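Have a look at the structure below before the remarks.
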């Protein structure tokens, strides 16, 4: 497997916002994460971008214009004059108006959007934006700490180049905003693993939510119960994603890595370790499909930083030590100062039988996609090549090439043209026979 | 149905759900006696039903047949049993039995899902769907009818507009000029970059914060890497330029003692409302800077002293109730997040008051290992920040 090129999008200011007193969402976790990434020496392994900031126009690719205009204009100072809109847009407790709200949205959305563009351009194979992943935001209103749905906007960008985009969500909460946005289409499959039931936010994500109209069977939900541990999670994650890959064959993936599925999260109730959470990320990376990796929830600051730092190291194929490097935030990681702290496992309410049954349920639904005529299995855009056709670095002429590579260079017998004039990429039938 | 609801409601509250207790729950309550056990009405209904069945004995057989084939769950539902009610009378489902048909599998799955449902109500995402108050008597627990459940909405107000077909960026990237590439690893060999980083590390002046050993880890320096890229990945040129620029201090915006004190006063007055703190107390800084400062500050000794002082003041306040006490909330949070742990020394670049090694030599001379061993021995290590320090020069 060739080394995947990784691009990392980070705006140094994105961590310096504050949702208000007592609010569990702390954007500063992004600064702490970045500091760890830097001090682990991971920075020099990636392309680093100070990303583009999304404009109101970009946001309106998904959101309603009225709503974005409201976000752009409302401030803590003028909030009184918007009292009607506040109610209309459900702004308040969960989604407060804070200083710099629109700037914050513009930074995290711009980073996801740019990640999608770089993937489309083959500038990288993996794009990372830990500030993104705000999967609850709806077309016309904020929800669950999310104002602008950067994921939906990034996927819309990917759809310009990719016939089928897969969205995977390992946040403890259901990825309702993304699922709803693409509920009627077969060009995006959304797969969400989440806690469901007993008044858990947002209240969607039942196993029977499978999409509608053309999108029927293209929304996949894996409802789970509290206390799920690494072993159980991976037991259901891997077969489900393998089946999804087999039946849906996406050409691009967006992976939402909400860290509130870790043990000890302030709002979550799962028992995953950073290693277990990372295992899912590694599994998706090894699928070798262009992937946009975004953050999401995560409300115990120190664990979020640990998790996303570790996952950055996995994505760049770098082993990092369990002992945390010195950073200005070192004391957040007291008393153990380790990357993978010990966790107190709680009771796992997911029986093995249940996990097997839910995997089978998903499999049975996925089988239905196979017969769906709407999936564009044959259409490949002009400048999207399969892996082996990609332009490789100029080989050293003095080094003997391997037999395998030499075989690939053999031209079909009916090949008369090179490059642009080459109309028949299909090899002639006789060469297919061994 | 109302009696069922009542029972299930009670059992919901009883987290232990012991089977022994279950029987006593079936005793008719006062409510049941009044409403559903109205003898005359029930008798009338039964007679009417019996009369209907006599007309068509075949229909009765058919319906019995249907009920016999029905999955247990549906059957229970048909007879008005609540989902939570099915547990006590039904023997534990045998896990090995995985029915072939999809429909049956789904109901088995539903059963597996319900069977492990925990009585503990979990936390929500701050607000959103909160459980109804426990006092509500008519709260009918049924997973299919629950009001917390939301549905995915369908319509042009909800879905994204999917672009038709595929296209390519014919023109230049629309935003190409607005992002900024800060580093690209593909130009230089990893070894070369690493050597460069080592040289940069050794060049950093061994005074102040930079003197603290950073451990074995070779850390990255964003600015140095960006400089290397600006020099066209020419290591020599980058090092030369770095040497020139190294003369000027990097930490341009150290906080003055006055700013620190104003910040703390602001925190006392407004809680963690950084917008108000900026407006009333620290006008020299942006809200973003305040937020950044707060997270560094809260892990220093300065914070510990501040919190202790506030705790003492809080005790006085309790004698004079009626004050809006933001500190109350703040301190509660601090305690919840486990503050007060003995910390190793943490000089932070933002809070260093003038690089004067004479006033604070000990921590800077310590190796990381020594700091950790001190921590283990529970000896309070020397602090980088101290209230007793002489008034520092204002860095700006």
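Each Cβ is built from the backbone N, Cα and C atoms, and glycine gets one as well.
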Of the candidates A:66, A:260, A:265, the one that TrEMBL places in the divalent metal cation site of A:171, A:173: A:260
Given TrEMBL lists A:94, A:299 for substrate, the same-site residue among A:41, A:144, A:227, A:258: A:144
Neighbours of residue A:260 (divalent metal cation binding site) among the recorded positions A:94, A:136, A:144, A:299 (Cα to Cα, within 10 Å): A:299
Spatial neighbours, same chain, of residue A:136 (active site, proton acceptor) - Cβ under 8 Å, 6+ residues apart: A:142, A:143, A:144, A:145, A:146, A:149, A:173, A:175, A:176, A:177, A:202
Chain B contacts among the binding-site residues A:94, A:171, A:260, A:299 (Cβ under 8 Å): A:94
Residues within 8 Å of the A:171, A:173, A:260 Cβ centre (excluding the divalent metal cation site residues themselves): A:172, A:194, A:258, A:261, A:267, A:268, A:296, A:297, A:298
Neighbourhood of residue A:299 (substrate binding site) by C-beta distance under 8 A, where only residues 6 or more apart in the same chain count: A:24, A:25, A:26, A:260, A:265, A:266, A:267, A:268
Least buried by Cβ count (within 10 Å) of the binding-site residues A:94, A:171, A:260: A:94
Lowest local Cβ density among A:144, A:173, which the record lists as binding-site residues, within 10 Å: A:144
Inter-residue Cα distance where the pair is residue A:171 (divalent metal cation binding site) and residue A:94 (substrate binding site), in Å: 17
Site diameter for substrate, Å, by largest Cα distance between A:94, A:144, A:299: 13
